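For 27-210, the entry in Swiss-Prot reads domain 'BPL/LPL catalytic'. Under the heading substrate binding site, Swiss-Prot lists 72, 73, 74, 75, 76, 77, 78, 79, 139, 140, 141, 152, 153, 154. Under the heading site 'Lowers pKa of active site Cys', Swiss-Prot lists 136. Positions annotated as active site, acyl-thioester intermediate by Swiss-Prot, on the basis of sequence analysis: 170.
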């Protein structure tokens, strides 16, 4: 498994990278995990979500915020600097339990990463993602093509969650967004510290990892 840190990248560019790598992985290349942050973007999933957007596309454009229809599962969500995004391009068919188990394992990566920093997080039956009580700290939405996964999870790390004010989070009116900073304040880890722990948890839960030559990697 290659683990590649893409840094700060636009959504469309990361989507194109995933799709290209998916074709290679489906043909037998090594599985790849991309870790990154996105420039501000609001995405709509396969379940829709346009009705949960509180502002217009034109206004978003004036603020430099993209609005994108995504191929991932789920409803509306947003991405921004200060949020750790993980995109595993993995072969689903070879994994016991298939996509359902993979989804569970992604949640486990997040739960164990948060536990490392002293936060008790959990699954919520019927509500995908990872929660701290009624506060959502991580959204998960995946897609599968040629029995290979892409898209993944978005874990809120930093202070600024203002983009969530523009949407009804995942179409759930009672859902609140939180982050490691919101929960831990001055004791919150840096983005790099969260990336490092997240990478270790992926290795522990999914597989041993190797580093792609010539790429920034963890």
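Note that Cβ sites are derived from N, Cα and C of the backbone, with glycine treated the same way.
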Checking the spread of the substrate site as listed (72, 73, 74, 75, 76, 77, 78, 79, 139, 140, 141, 152, 153, 154): what is the longest Cα-Cα distance, in whole Å? 15
Look up residue 78 (substrate binding site) in the DSSP assignment and report helix, strand or coil. strand
Roughly where does the domain 'BPL/LPL catalytic' (27-210) sit in mean pLDDT, to the nearest integer? 93
As a whole number of Å, the Cα atom of residue 136 (site 'Lowers pKa of active site Cys') is distant from the Cα atom of residue 170 (active site, acyl-thioester intermediate) by 10
